[in-house]
Ligand SMILES: Cc1cc2nc3c(=O)[nH]c(=O)nc-3n(C[C@H](O)[C@H](O)[C@H](O)COP(=O)(O)OP(=O)(O)OC[C@H]3O[C@@H](n4cnc5c(N)ncnc54)[C@H](O)[C@@H]3O)c2cc1C
């Protein structure tokens, strides 16, 4: 008996959309329709459709007060508070009385501030007296309006240029679809209308969730900036954040423990009643579809053209090298579905509908499992619908239920708990089959708020009038995590913030002015010269970095993937067999060394002024002699210094206890032997050092020479942004949406008893005596707290873990945040820097700069995101530690002095409100974020991530690819959730054979009408194929669209100047540095292009124009030929139909089947050279 059909709805797949190619019903329409509905882009009515949260205003009411605003304090001090409109005199030195809005609700947290240890005994350098922290009297439990979950109109919800606006949504679903651009119009008037839905959900397919019929707003463009950044993604794909070429291969998602991702199963094969291609929109060209799939992979940190190492280990026994292309097309197609609308989960059926041939259904299902489990899809505040079908099993009372306790409600803990909830829902059936209820998740948090180090603390000050764009938002100071370092290339915060929560954000203007210590702007040219020298210095020391191991690079066929085609070749050797056969050849490389990604060195090329992060590019570190290089970057060598002069770096790196700082401190004076280096140059150089210390939250003398930029190459792309109304909205969203997590606040954990062999339960004990028994514990307690040692582990953590805790660094960055009555600064700038003078004013000694360089060195104008005139100063490096012990008056006085040096007497004596953070004194953080401690080992971050029995670890300090960040913390939570699920359910099961061979005897036609090849459906399909073959035999295939030429003059320039660029690089090259790499040549060409005059550029510009003209001609010709072909094809089709009657359904085949008229004929698969068009095995059920 076939499964009962699901009730059919009009917007489900197969709604009568027809074309010669795209006749398949289309699951994708549920997603793409929403995307194209332009009315939805402006303001989706609900970020999570169908949730109990309902309308935005309902939602506000439902947001729990306890989550929204119980403001504990990250050791901050509110110095002067006062209503901005209620200040007698802004210059008054008397603190204005703070406005206490809701006295009965005031929660003043017991701060339990403890002294900070010096770096000799701990990574935090300066001893700190217990500061007398005053909690702000204005702390109040603000109600939910503080959770601005309404999608902001400012979010760019325009449809992607690659999707024709309203391409499908504007069409009634029971009318024929618009024609695919390269196909003749459908002319089958006799065919009955297709059913509204043709996906029949099988009871055998049910770990996943019901496809969602409800339409909701799109977030494709909301989660993608590619439209304005990179029109063609594919060819330049995956620079850094995908696992192609460097250490980013060691992706954040890979489980920390070497355990198989999958296992072969001999269980009966799943059965699917999904039709191939149902998730592929028929109204997109292959190229457009492929572009979206590639973008989907890139937006998910996966290489669209290559297997992730885990995919490789899952698939190497099951698919051949040539089949990798088809696998990647399916996987990228699933990711495309997800990024187009991350408000609802991708279902297994939708995923399977990305396969173009039913032989690949199990592969699609496997890929779906892997993507779900590893948190590449269906993560965050996503609605996941429970399985529809109940399972016959024991009565609920008899069922066990496991408990997972997550400690900590920061981004990692909330991310993990939310992900576990989602995974348990998606795999609920599996648990029930095991006789268990899906596990419960309990979050224990020490503070009285969520967010941890993402803390947007409400100002006491409020504006006189609320500007419309700030309505419903909170006026906050970002005490901790603040900047989102780009949404593109896979930042998961993009999905959460723009795709799901629809939060408003502010793009930071990257232009900044550096002011010298006398308040005058630094000459831009000098600034750039020194910056280049600083980068050269970092590049030279990057030679001593850890060499990251590379992984296998198993690639598909790029050209086919770019064109959206599958590979038709069907070699039968699996990847493993091919590798072993290759290894058996004489002198061949062993399997472990085959297909390895090339080793790529990343060298620093610039520094991000907003975050201090160093940007890298592939290259050869320190390739040129120093004198040659400094000349090249624009410095004049001192009299008598030859081009051959070089720096002595090697011995410095061999010194005992060498650190990044100890080496650079001794390199900088060496530059003075080559060029004239002034005191201002020293100040500039040290400003950059302070910036680097900001990104590492410690003095660079506390950074490992080998590991200080272990995360290099993993940066996102796109503008830096801040959340308007506070970044804390993101963790709040995670805690609340789609349904509130089971979260217990004010529950500081003091003891974790765990089972190292996973043979028993764990117990988590809180300071107040509260105890929870757990099957699994996920510990996200910050590294600083772990180092401090006041959380007890029973048994004590093994030495491999404890040693990594000791070796990694955990320093402090602090902030001084000042609210003014009105701005006196340049309101169009978001950032400015100030050079600080050393302890000895005109010193040319590097050591004299360290204590001062990070004091108020970087300022952010955060008026737009905070809603008030606010400046925020960073205290980095030594200054970060000093802040812990400095008194508030002194800090504010110093800040005012610095500001006055730049803005003069316009700066009031006192701000109206000031907030100082003291993260090292915060007992729930003990610092700001992790760093590469001096004795760090290459895999310490991975070691931090490794579970011990039933004790799992997450937190920014467990992410080697994105440490010290909000997104890294979040990704670590997804990783831990994946590990816990694997421990509960075991690895992903793989049926064998995974891909049913063509003509395999196990391919059994489904006995029921729809699946029987003798059925109406099959006859209809055969009819279409025969007709298609007939048409092609007479008029050949439709002409191919011409390839677009390069439209950039630089491309022609770089081609013709390749040799010149290489020669330039060879001049002054240090011995042993080899030939310049392709990337070095590229960088040099770019530099040469920059220096080329307009006159010199003209021939290349003309070449572009010539190419464009030729392309336009080809397009005109192509359009003509294509139109002619379409016309002929239509005629032939009609003629064929008149000569060969269209099959009609007999009575047994039923009405329903008649409606299935219109199965696709042209496959998206590349035609098999031998066999012509690929056979479409639609509706075939494969049984093991
Ligand atoms: C000043 C500052 C500026 C920053 N700037 C940026 C930035 O611009 N961009 C960026 O991406 N990142 C930034 N970061 C880093 C980012 O905020 C963190 O990496 C990230 O928030 C860490 O998340 P987490 O979940 O790992 O830890 P946390 O957020 O610290 O979460 C851990 C949770 O565990 C709780 N906890 C601790 N001990 C116990 C206990 N014993 N019992 C129960 N609960 C406990 C804590 O209260 C906390 O809620 C900044 C951080 C700071 C401090």
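Note that Cβ sites are derived from N, Cα and C of the backbone, with glycine treated the same way.
Remember, predicted model here, so these are calculated numbers, not experimental data.
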When you get a sec, could you say which of 210-240, 241-271 is annotated region 'Disordered' by TrEMBL? 210-240
Candidate ranges 1089-1136, 1137-1184; TrEMBL annotation region 'Disordered' resolves to 1137-1184
Counted with DSSP (H/G/I as helix, E/B as strand, rest coil), the domain 'SWIRM' (293-388) has 52 helix, 3 strand, 41 coil
Mean per-residue pLDDT in the domain 'HMG box' (1043-1119) works out to 89
